[in-house]
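Take a look at the structure set out below.
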Amino acid sequence: MRGWTVGCGVLCLLIASSMAMAQGSGTSPSLGGTAHATPPLSAQMKRLAELYHQAGMLQQEGKLDEALVAYREFLQLARAQHQPPQTQLLALAQIYNIYAQRKDLQGIETTLLQIVKVIPTDSEAWARLARIAAAKRDWAKAQQLALHALHLKPPAPIAALAHETLGIVALGRKDYPTARQQLHTALQLTPNDLDARYNYAFALYASGNLREAETQAKLVCEKAPKNLSALFLLASIRQTGRDLKDAIATYDQILALDPRNHEALFNRALLAQQIGMVQEAEKAYVELLRLYPNDVPGHFNFGLLYAGLKNYPAARNQFLLAASVLDKEKSKRDPLLIKLLANLAQVEAQMVFDTANVAQRQELIAQAERHYKEAIALDPNNLRLQYQLAVLYRNVGRYEDALAIYKKRYAEDPSDSSAAFGIADVAFMQGKPDDALAIWHDFVQHNPKDPIGHIQYAQVLELRGRWQEAADQRAALVALNPEDGADMLSQAHDLLQANQLAASQAIYNKVLSLKPQSKSAPNVPNVATAANVASWRLSALQGLADIAQKQNKLADALRYLQQAAEEDRTNAARNHTNPHEEPYLEMASIYEKENQPDKAIQVLNQLAALLPLNEKPYVELGHIYERQGKVEQAVDALIKASQRAKDPLPDSLEAADVYRSHKMYDKAIALYQSLQKRFPKSIELLSDLAQTLEQSGQDEQALGVYQQLYKVNPTLVWVLDKEATVLTRLKRYPEAVALREQQIAAAPNNPQAYADLIHLYALEGKPEECLAWLQAKAQQQPDNASLLTALLDQYDALKRHQEGISYLQGLVSAHPKNAVALACMQALQSHGLKKEALDMMAQVAQKAPTDASIQESYAAMLSDNGDKKAAIAVYQKFLQQPNIPMAEQLQMRQLLAQQLQSTGDLAGAQEQYEQILKESPNDTQSLLNLITLWKGQGKLDQIIAFCTNFVAQPGLSQMQRAWTYTYLGQAFQQQKNIAEARAQYQAALRCMPQFPPAETALANLPAK
């Protein structure tokens, strides 16, 4: 607040007062050497002078309350003496200054009102009263007072103050042109007034003149480098103008003055985040949250930063910290809380897919679900949150929960295409495309004028190959906007797929008749622009060419394509764009089909001239030349294609392969080796080079390339096989053996690898060493059937057949596990030793009477060997064992029932199925088996009785009830009881409204 100025009248009073004080102290000043008698002051004047002097001394000593008392006493005495207004102004000015020093706005305003009461023409007082009214946002009063001050024709500083106030009033009213004008006038009057310049900068900023606003704000900052308000204004201007790096620098200036300034800390972090300065943003958020650990927006934005980096655990941690603060503050209505919960749930949903641990996944799913539901509870009308929860359910396989959300919303508002889309999406996830069709069919019935429904319905119909129905939906789209050629093209395409050639042709011709429109129908966007019409014409001509080809009218097809190419060239030249390649490629294809390769080459050369940087014409030229046997031309074209491709390697490899396929190995190798310098780690290149070297008989060089290839990617086990094969040809047997062993270590169940190893040892003349190696491996992997089969092969090669069988028996004795027994059994059976395999399995089964897997394998072997009774006995004996887990019992009963059924013991099988259903009512397979068994016997009454009783049991799923009602319906239908059959099928559909077996059966019933 500026200090008060004192006029000349007041100065005269001060002189008189000082003279009176001098007289009272016994001194007499001399002017010009001549003594003049000072007129004596009255006692009242002396008292005034003493009071003013006393108040001034108290003010200088900082005793402001006592000074105020003295000045007020001075005022009272002056008024009592009827002193002139200037005398009262003397005290009022000092009172004003004391209040200004204290920043006591109420005291200042009261004092100013006293001043204007004493001196109504004091423009400064009126100007300052106007400024106070502006501070109180009383715009009308402030404007009135400022204009009154200006009416008094004040000096420049006071006039500037009034104009500045008028500018502030205009800012408050958002009248930015007036604000700029008034503040600019104030600056012209007082160019060094920083307050006026600051307000002028703000007015410029508010009106959008950012460049000039920045200039003015910088001037204020240069004059007052520690003015935080000016620095914040400068930062805001730069931030709005997207000059974010300079804005960050300005916030750094603020923080240098005030390191704990929260607004500067927050904005600096946010701006760094917005412009992708990730590390700087992270550091800024860390500093912000160190000083203000409960800053919820800071934690929230920090979480968003981490989420953008896909560091979901860190993002979740920040969101949880923010949520904990909000929870403590009980700010349940804070809009940020809803965003926070939604983002927290989204991050947790993302973490689900990055978590392998099942328990942790389930916990994350539960947390995400809870947070979505909390957000929805705070904002129940937020459909986005509800749909995000539905997407979570869909992504984790909880399809029914997802459908519940979508269907509820769709029931509330059948015009909500998002709800319909969600239902259709889940239907596809469930493998129920017909459900997707049903929802879009319903949607278009409710919303015939909504293009989204027709588009989605058509797309689903297209996926199902129902082209005619899809075309009907496209026709509905065309009816909604007849100018949209894109919809017409889609309709024509679907008709073409439905083999409705005439109808498709008619629509394509209609597209060709479309003209660019300058205006469209009311409330409909103009789609028929010149560019769109040109694009539609190109597609329509290509569609007509497709129809002509289907009709085997190749001349017509070529005519349409040539017209398309000509129009496209014209449009490209007009719009300075590249023409499309499709018409030319299609023409070349037709010419080649017509055995006119020269014309095809001519078209492709034309395309290459039009699109000199496009690889496709050269690729097609290469293919045509190769089919003609013109190897060098084919290679040259493919090399040119590679020079124009983003990735030159594929076309270059194809060029080399042309040489290779024509057995021009030297040229192929040279090309591969030239490419190897540019792509030294390309697996495809190294593989092709190595194989070409092999084909050309250069085994040593091929071996080196294979070794290089394996270094590039050690997971390529087949490379070891290639290396070993080459080494074998080179008769470097020890190295080949080592590679075969390495190959077996990488793929231990590969039978061919063992056969190749045995062959190598035989070539070396070391069969015993081979046997020893296989025996050692067998001890390490006794359940490896491929290994044990190779071991038996080696025993047979050494003519030690019985010793091999004994060795396997010893393995089983040492490792009495089902996997080992099965491996040995497979090895024996592969050598035709079924009896030995069965005997071995019997020994194992005898030692493990409660091992379900061993007993099941033994019974299966007996059954496969034709001894079904023995197999049944194995199952029965197992079921008599005590303490067998229920799951294993049910599995064995199922197998026993099937075995009994295969032997004709239907009563025994029925007993087992009934026992299974008694223990496990949800076993649909056993129910089906039992009903099939009765059907075969013609026991329809028994099926009806059993199913009627079964379906009444509690705990059945809707699926099981639907199946049971369907079985009942089939039984009644076989009894010719159509009415009851219909009732049962309908009951099935009440359980599951879209149950295909019941739907089909009901549709096939004869009419009532």
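Residue positions begin at 1 at the first shown residue.
Placed from the backbone N, Cα and C atoms, the Cβ positions cover glycine too.
Curation does not apply to TrEMBL; its annotations are automatic.
For reference, TrEMBL has these:
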- 160-193: repeat 'TPR' (REPEAT)
- 228-261: repeat 'TPR' (REPEAT)
- 349-382: repeat 'TPR' (REPEAT)
- 383-416: repeat 'TPR' (REPEAT)
- 615-648: repeat 'TPR' (REPEAT)
- 962-995: repeat 'TPR' (REPEAT)
- 1-22: signal peptide (SIGNAL)
DSSP-assigned states of the repeat 'TPR' (962-995) in counts, ordered helix, strand, coil: 27 helix, 0 strand, 7 coil
The repeat 'TPR' (349-382): DSSP-derived helix, strand, coil residue counts: 25 helix, 0 strand, 9 coil
DSSP residue counts for the repeat 'TPR' (160-193), split into helix, strand and coil: 27 helix, 0 strand, 7 coil
Integer average pLDDT (0 to 100) for the repeat 'TPR' (160-193): 89
The repeat 'TPR' (615-648): DSSP-derived helix, strand, coil residue counts: 26 helix, 0 strand, 8 coil
